[in-house]
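So the structure is just underneath, and the comments pick up after that.
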Amino acid sequence: MRSKDRISYFYDGDVGSVYFGPNHPMKPHRLCMTHHLVLSYELHKKMEIYRPHKAYPVELAQFHSADYVEFLHRITPDTLHLFSHELARYNLGEDCPVFENLFEFCQIYAGGTIDAARRLNNQLCDIAINWAGGLHHAKKCEASGFCYINDLVLGILELLKYHARVLYIDIDVHHGDGVEEAFYFTDRVMTVSFHKYGDKFFPGTGDVKEIGEREGKFYAINVPLKDGIDDTSFTRLFKTIIAKVVETYSPGVIVLQCGADSLAGDRLGCFNLSIDGHAECVKFVKKFNLPLLVTGGGGYTKENVARCWTFETGVLLDTELPNGMAAPFCFYLVCKISDTVDFFLDLAKKVSRSQMLTTIYILASVAIYVVYLCELHLGSINSNFDKWRGDDRNN
Ligand SMILES: [Zn+2]
């Protein structure tokens, strides 16, 4: 059964295959895991699935400076050594490394958020989802905090063509500084960010005293929080503030950044939210029945990110998923394959060729033995696996 809302969901498998490098906490494979979990719960049958267009450089330059976009387009891991001056200028390096297919990665996640905004503008859907988007730290002329292109700013600029007022809400554990900065001087976008503040936590901005300037004064709201905030305190604050904001600001459309690094147990985060608590915020925003653009964001414990965003896809579809998200076997398999791929990519940078080959040999032997045991005991898995892959192709 379809939800009464028309939902558009954007996904391109190519975003899941880029690799930020050894020990980098950002693992784009979490997007592939999320998508597989969405498929295994058959949520794809209740919404329209689109492959986003790859945003053109000229579209990216609607917010970013043309020289920065051009540089992102041109730079490759092989030509890094020729551009040390530019790398420093555009803040590329440890946090925001240059990797294979970096520009295409940016084009896809930005294209998804732009497409989502356009479908909402044309009233072709009520809710649009792009879990690959939500890279809220990127600035006009520089990369920041694992973000290169600010898809949220680009999406909001698109929404401003049709809406007088856009409300931006951010529940990532980090301050949504890039989006706030872009609209700091205007009253046409109200930004509300809930985040950890203090103890030199990244990015260091987001004090309650930052409220916007000139026409934008009072149109930036910051809710600085301390470590360990739990579901009860967070959702109470969230509901009180957002209810008042929607009532007084009366936005035409809402953009919700659902960074999952605010979940308990995140590799970089320090909050204590459960998936239920996090999703409660999504549920609350959905209830306003305004056009809604939902994106991902941070999230560095991959299994939790995939569970959270799948659960929230369910919330947006009015579909209840099993409590605790007991993941089906195929999801478990995808997680393990993902960990193995990461493990080898990390290993490849650290050890010699012969050490690497020995490790592969031992692990391959173990894997073959495990597969043999699985085939022996779990013969039915293949038929289920084929079933949902078949469904995927038909949709
Ligand atoms: Zn974050």
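Including glycine, each Cβ sits where the backbone N, Cα and C put it.
Taken from TrEMBL, the feature active site, proton acceptor covers H137. Annotation comment: TrEMBL describes D95, G145, Y300 as substrate binding site. Residues or ranges marked as divalent metal cation binding site by TrEMBL: D172, H174, D261. If you look up TrEMBL, you'll see 24-313 marked as domain 'Histone deacetylase'. Residues or ranges marked as transmembrane segment by TrEMBL: 359-378.
Shown here: features listed in TrEMBL, placed on the structure.
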| residue | record | DSSP (3 states) |
| --- | --- | --- |
| D95 | substrate binding site | coil |
| H137 | active site, proton acceptor | coil |
| G145 | substrate binding site | coil |
| D172 | divalent metal cation binding site | coil |
| D261 | divalent metal cation binding site | helix |
| Y300 | substrate binding site | coil |
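Taking the Cβ of G145 (substrate binding site) as reference, residues of its chain lying under 8 Å away and at least six apart in sequence are, in sequence order, D95, C96, H137, H174, F202, P203. Taking D95, G145, D172, Y300 as the candidate binding-site residues, the subset whose CB lies under 6 angstroms from any atom of ligand 1 consists of D172. Cβ atoms within 8 Å of the centroid of the Cβ atoms of D172, H174, D261 (the divalent metal cation site) belong to the same-chain residues V173, H195, G259, S262, L268, G269, G297, G298, G299, site residues excluded.
Each of the binding-site residues D95, D172 was scored by how many other Cβ atoms lie within 10 Å of its Cβ, and the smallest score goes to D95. For Y300 (substrate binding site) paired with D261 (divalent metal cation binding site), the C-alpha to C-alpha distance reads 6 Å. Excluding D95, G145, Y300, which define the substrate site, the same chain contributes P25, M26, H137, F146, C147, F202, L268, G298 within 8 Å (Cβ to the Cβ centroid), listed in sequence order. For the domain 'Histone deacetylase' (24-313), the model's average pLDDT works out to 98. H174 (divalent metal cation binding site): 27 other CB atoms within 10 A of its CB, across all protein chains. Looking at H137, Y300, the recorded positions in this record, the fewest other C-beta atoms within 10 angstroms of the C-beta turn up around Y300.
In this view, D261 (divalent metal cation binding site) is surrounded by 25 other Cβ atoms within 10 Å of its Cβ, with every protein chain counted.
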